[in-house]
Amino acid sequence: MPKIPKNLSLLKRSSNRQSNRPPPTSVAPTHSEEDDMQQISLKDKRATERKAQKDAGACFWENLGGKLFYPSLYFDNEWRLSLTTIFKISFSIRVTASFWSIISDCDEVYNYWEPLHLFLFGRGFQTWEYSPIYAIRSYFYVYLHYIPAQLLFPLLYTSKAGFFHMIRCVIGVFNLASEIVLYESVCLRFGNSIGRFYIILSIFSVGIFNSSCAFLPSSFSMTMNAFAMAAYLREKWFLAILCTAISALVGWPFAAVLGLPIVFEMCLIRYRHLFLRFILFSLISAVLILVPMYLVDSFYYGRPVLAPLNIVLYNVFSSHGPDLYGVAPISYYLKNLLLNWNVATMLALIALPLALIVYIKTNYVKDMDTDKPVSAKIEWTILYWYRFVPLLLITLSLFAWLAIFFAQPHKEERFLFPVFPLIAILAGVGIDAALRLLPSKLASIPWLLLLTYVLLCLSRGWALHRNYYGTLETYKSFHDHFIINQQNMDFSKMQDPIRLCLGKEWHRYYSSFFLQEHVVDKRNRKRRVEMYFVRSEFRGLLPKPFIAGRLPANTRHIPTGMNDLNQEEMDRYVPADSCDFLIDLDLGNNGTEFEPNYAAMTDKWRTLTSKPFLMAEESNSIFRAFYVPFTNDYLKYGNYRLLEYIRD
């Protein structure tokens, strides 16, 4: 019969809290503290005996119980944030993110928002990845967003821009659900205080603020990985495998790496009890996901397609792969982690050794014969380490992810999104372990680190909004321009359809959701608004519109002028003087041959709106990264302009 662990430090804490209470005034006899503790110990002993008999040496947490630093569940007396409080705070932040967080990756617009716009409105831009020749993007992933979007459309059919934000809000609420479920599991498996720190770190994380509402497979994988880890911590093996499979197959194939804790537990540590279940659950999950994905993608591409396989073949086995789109040094990810997680990055990295020390120091047992606490000797058995194993495996999965992606030449911020929940968990463990190890005189240090983290996240979030909000505001202004100025509009002086053009700012396009489907001038003439490219210094491959028609004919059509080598195609461009409107960043200089300063050509272009936009290269690196009051002199801004072509 295994010994029942009891945490002595927590016994003392509980005893101290109760020793100062006045005796009850009731006439009925009361139990002493010692009697109460004996009753709890007796109940705990009997319950553990029953669970140990049921466990039969398998050492499942579901049977043996306990938390990371609590050998018994009975003595985790730390307070918890209520789910209602978490929901209210997190919901407010996610809604704010859906309106305020910037789109920093053009892949999000052209590879996901544009196909969704095609599904909803019958038009949108197509990248080479969606050509049936290459087919490395999944329409099934887009379709999962199309279903709720179609249900919400009647609520905001008058405003496409409002509809865009509503879809982002839905994505954010989906992420919120994963946060709450993971919080519950962390409290249950690791401890209430660790769960409390996790949710605070997650809610205030500027990285999660920006990624939670992003329409990206890596953001989707981040959310599904949170669900998977929540199921894993509760030993809900089928749900853990299913969520990991959804994350990898529907979201991003490389997210399968984050299933490492599940694989290790089921196939190595507990292979006698779980290996066959792992095989069965994996097969069921694969069938449940791949069959509908295969059917949907094959329907829209017009040929048999398994998009996850095509992504892996292109990124891993092609001769050029994603390196064509730029390479970056390791410092790129290091800076990114520090900007998004600041001091939490350090706390996550040291969480495992700190937790190991605390785990060993607090691993006391109560002898079943003498009923006295004795120090547990370190044993290399699963019975001794079963409460520590999940933390070890989660840490290994984070390090494996970082090792893989740090080694890749092509680096992007979104590649780190899937591990953001793991960073929050480990940072929470690091704070809790530090509080247990530090003497009382230094106990304020972890709290100061947490406060510093929150302040830096708020500073970073506000700096991003202040420095780059001009892009979104400009597209909102263009969307509303035709409504506000309808009585002054004269379409006889404009193209049909009306042309909005982008030059060097093509990569900051906020999607066709900011183009009105039809606009009306003062004479009730109706026209459509479309976006076109004018040539800039960029010499890579730009997207082109899907051909006009009905689904699935336009997705099955093989477009001309597409390649997977990022080679420029000249059929993408129109002359600047054929445009009716143009969005451009005015840097205050004369520009170049292909990127002139359009705003300075006052005889051809008039400025309708102008918003400040940070010129990063000419601004102080610290003060542009974080908001610090009274430091505007160290920052330089250009003007993000909406221009209208002057026609007599």
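Residue 1 is the first one shown; counting continues down the chain.
Cβ atoms here come from the backbone N, Cα and C positions, even for glycine.
Please treat TrEMBL annotations as automatic predictions, because they have not gone through curation.
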Which residue range, 103-125, 195-217, is the one TrEMBL calls transmembrane segment?
195-217
Name the range, of those listed as 163-183, 195-217, 274-294, 338-360, 419-438, that has the largest tally of Cβ pairs under 8 Å with the transmembrane segment (237-262).
274-294
Considering the transmembrane segment (419-438), which listed stretch of 163-183, 195-217, 338-360, 384-407, 444-463 counts the most C-beta pairs under 8 Å:
338-360
Same-chain residue ranges lying at least 6 outside the transmembrane segment (384-407) that approach it to Cβ under 8 Å
59-61, 64, 66-68, 71, 189-190, 229, 232-233, 254, 257-261, 264-265, 269, 330, 333, 348, 351-352, 355-356, 359, 363, 376, 378, 415-416, 418-419, 422-423, 425-426, 429
Feature contact check the transmembrane segment (163-183) with the transmembrane segment (195-217), CB under 8 Å, 3 or more pairs
yes
For the transmembrane segment (163-183), sequence-distant contacts whose Cβ falls under 8 Å of one of its Cβ atoms, 6 or more beyond its ends
83, 86-87, 90-91, 94-95, 97-99, 113, 116, 145, 148-149, 152-153, 155-157, 195, 198-199, 202-203, 208, 212-215, 219, 222-224, 226-227, 229-230, 421, 425, 510-511, 513-514
Same-chain Cβ contacts of the transmembrane segment (274-294) under 8 Å, 6 or more residues past its ends?
138, 140, 237-238, 241-242, 245-246, 249-250, 262-263, 265-267, 304-308
